[in-house]
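In what follows, a structure is listed as structure tokens, so that the remarks can point back to it.
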């Protein structure tokens with residue numbers, strides 16, 4: 001879905017939109033040492049002055065990015081540690097150098113630059129050729145590197161990160177994937193950071209990449225959530241290390257397959273993490289995983305130098321059970337005695353061990369979350385909230401455009417508090433956004449439904465809005481979204497279409513709808529038939545619906561245009 005920018009328009013600045021500010025503050029409460037990284041996926045249109053490209057006016061783009069970093073500090077006391085360039089898209093050397101200059105000019109020398117959040121090349125090659133660029137890029141970040149790097153990246157002597165990885169369904173295979181790459185990104189590829197996309201699966205599961213988060217919390221209406229296996233795999237590393245610890249440069253390949261890493265804080269503490277994930281139980285969504293074999297083995301470790309004095313190591317253990325179903329996640333076992341600098345462990349397959357000098361570590365005894373519940377089958381929102389905690393209404397999932405709470409100061413009273421679509425130019429896109437704006441809500445399994453909403457077209461002549469049901473898609477596939485869409489336009493016409501693009505016309509005619517007047521639309525879908533009401537009176541009926549057979553409710557606009565919605569109701 002889409003996320004609201006801090007600057008929708010050139011003369012607009014707002015550092016209280018979206019959920020990220022809240023999320024970053026919550027993260028810092030739990031671990032003040034956590035690092036914060038900003039990376040643009042897309043940019044508002046005004047950055048490109050009409051072109052779908054953020055580098056023609058690099059000073060404008062740098063100003064936009066630096067404003068966000070300054071706003072994080074000014075309004076939320078958040079220090080952004082790293083800033084990226086453009087997610088999985090081209091980079092511009094000129095822009096990167098200007099970004100560094102702009103950061104420094106604003107006293108942000110401590111903010112480091114990561115590039116280019118795509119592949120190892122061409123960024124590594126360009127860094128070797130361009131000494132000025134080499135001087136301003138601190139980290140090479142690659143996405144889904146499959147635990148491997150390339151010679152040029154090593155030659156740059158930069159920190160190497162897997163700056164986006166995982167993206168895998170969060171069952172036990174996802175946990176196996178995560179356990180394997182957390183170790184092997186360093187063991188095979190010298191990467192000292194691995195970042196999971198995404199953190200928490202808090203979006204409708206039937207959208208693309210459903211449940212591809214480390215844990216699942218996709219029912220805000222019930223409060224149900226699930227701490228999935230990847231969370232406890234994460235804990236094996238993150239509870240016993242911190243940013244600033246260093247990897248020991250040892251060959252971490254185990255003879256019987258699997259891997260280990262060792263880290264130290266430089267103050268005498270040592271943490272060793274071992275994984276023995278088998279091929280079929282650790283496949284990530286990408287890239288394809290070449291075959292390898294892992295067998296049960298006895299491994300002996302030798303501690304040398306200052307670690308020779310270590311006498312005992314605390315032990316934490318996970319075993320992924322898969323078919324057997326008897327998984328054990330993040331259990332503390334008896335400490336291991338180190339005898340004259342050495343100890344041995346019997347390792348089975350699909351296991352993770354942490355051995356550490358740290359006495360910390362905990363598997364929280366959290367209260368049981370509330371039981372799962374489907375989305376309410378009768379749901380209303382009148383958007384009448386004076387000081388909302390967030391800029392957007394709950395449960396609406398914007399897929400193109402941004403729908404925000406709005407206060408209509410001039411309204412006589414019925415529609416003072418509304419929901420307004422506020423993106424009025426197509427952004428510099430990352431994915432293939434739709435040409436229309438759309439926000440989804442409800443339960444993907446819904447079949448029969450009545451959707452009612454008050455609508456207000458702001459664009460004269462060519463403005464238009466819709467309400468919809470049985471909507472079947474979003475995210476990166478939003479352009480091919482199907483459903484039952486009831487449109488009204490400022491020119492006084494209406495349409496019923498089977499798709500968001502508006503190409504499959506099921507019915508059309510005159511409605512008498514005008515811009516800058518409130519109207520009430522009602523869409524009723526029962527079985528294979530749909531009908532529509534305008535201001536409570538039938539406008540069209542008996543339109544035959546073949547597919548999709550189920551889906552969400554939705555609201556949206558014909559183009560990137562201002563429009564308002566009020567008194568939304570779905571049953």
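Just so you know, glycine gets a Cβ as well, placed from its N, Cα and C.
In TrEMBL this protein carries:
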| type | residues | note |
| --- | --- | --- |
| ACT_SITE | 88 | active site, proton donor/acceptor |
| ACT_SITE | 164 | active site, nucleophile |
| DOMAIN | 1-239 | domain 'Glycosyl hydrolase family 59 catalytic' |
| DOMAIN | 247-362 | domain 'Glycosyl hydrolase family 59 central' |
| DOMAIN | 398-571 | domain 'Glycosyl hydrolase family 59 C-terminal lectin' |
Next on the checklist: Among the active-site residues 88, 164, which residue has the fewest other Cβ atoms within 10 Å of its own Cβ?
Outcome noted: 88
Item to check | DSSP-derived helix, strand and coil totals, residue by residue, for the domain 'Glycosyl hydrolase family 59 central' (247-362) | outcome: 11 helix, 51 strand, 54 coil
Next on the checklist: Whole-number answer please: how many Å between the C-alpha atoms of residue 164 (active site, nucleophile) and the residue listed as 'active site, proton donor/acceptor'?
Outcome noted: 10
Item to check | Integer mean pLDDT for the domain 'Glycosyl hydrolase family 59 C-terminal lectin' (398-571) | outcome: 97
